[in-house]
Amino acid sequence: MFHLGTHRFLWLAALSLIPTRVFCSSAEIPDVPSIATYFGTKTRYEEVKPNLLRDPLTVNTSVLRPPPGEFCTPFHVTAVIRHGSRFPTVKNIRRIHRLSELLQNEASRTSESPTGWLDELRNRWEPWYTEDMDGRLVMKGREDLQFLAQRLATLLPSLLSEENVRKRRIHFVTSSKHRCVSSVEAFQEGLQQHWGCHDSAQGYNYEVDDELMRFFERCRGYVEGVENNHTALLEVEKFKHGEEMQKGNVPFDLFFPFRALLDLVEAAFFICSYELSIKSIHSPWCFLFDESDAKVLEYSFDLKQFWKRSHGHLISSLSSCPLFHHIFRTLDKAGQPASVLVGHAETLIPLISLLGLYKDQTLPTASNYHSQHGRSFRTSHIIPYAANLLFVLYDCQRGPRLQLLINETPLHFPNFQTEDAPLYRDVRAAYRYLLDGCDFNRDMNSIYIS
């Protein structure tokens, strides 16, 4: 059990400072918390694509943008997809349990003079997380991938066609983690539902490849230089103990000098996110945080992803070279109409960074929070559950063209800001320095921090 010890009075003082967070009646609680767009990698896909809340199968076919004056036909798509909504991992489930125990103990201890906030939360919320859930895909997560598959089949019907589904012409690869395996199965179910060709006897069809989809575990330079290097995330640590975190409306000044209490504040924020993404409910924990609190916490999460997985250290993005090379080999051959690769946030963020995307002129640090409000690197927008990066290859009159989409929205390659679908040979030329180098065994294990 978690004990505050001599800091118990600070916890109670913290609770007493939140009388303005009024709990609404159930009839007044909105469906979506106002802070739902700030959950970082724990954000629902619907916060990025809110039109899906009305119709999860709505598709905007105008996102496919080959040159209007040139006849083009899509003839291949490679999709790199993050798994759908999931349960918390064991680490966060234990943090939630510690928070729950503290809540119950303090509520019982103050029962003779109840604190309104404590009483409301204790009466309206019960912990339901168990350690055997450990990051597994939830039903909402299966729907994330089923609906995504159906939307992509509508967007690219000649590639994700009924015939290609029936004859298994689509290549599927997944991480070995159960949430990814379940996600690739759900994606295949979605294609079958779309075309009405479900055949239970046929079963699922995919390849498990952790060297490709969990490359970050196999790059010694990354593991030693970032993952196991306590200095690699100094900006994150400085921000967590800095001014912005300590002056929030959730009484950060009382919580944050103590590491355990910082973890509990994050756990409360995570409960809000999990219960929205898993159960589509507005958790009472959400009322602890207003938008300014959520922005600060989101920035803390983004700092971690930036300095651990993205542009912060060169080796982080270079660790995705095996996947980068695999994608371009697939595009070179285009032997199958579609390739679907299912992995993690940790799969997509380094790859997106290696492509040169979402790289702001000023790096986010512990000291420049206020100048980063307009940053492009916001994981809440880029890597929600079921995030997807699509490489659509067109057969055009002037030669093959390649269009990039992220989360079903067009995105320009860095060197082609005026072209939605540049010539494929020009894209390859722009990434020549990576295609000719970026050798995983030779280069990746010799580069640490840069």
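Numbering starts at 1 and runs along the chain as displayed.
Including glycine, each Cβ sits where the backbone N, Cα and C put it.
Between Cys396 and the candidates Cys24, Cys72, TrEMBL annotates a single disulfide bond, the one to Cys72.
Candidates considered were Cys272, Cys321. The record in TrEMBL pairs Cys286 in a disulfide bond with Cys272. All protein chains shown were included, and the count of other CB atoms within 10 Å of the CB of Cys272 (disulfide bond) stands at 25. Cβ neighbour counts within 10 Å, taken over all protein chains shown, single out Cys286 as the most crowded of the disulfide-bonded residues Cys72, Cys286, Cys396. Cα of Cys286 (disulfide bond) to Cα of Cys396 (disulfide bond): a distance of 50 Å.
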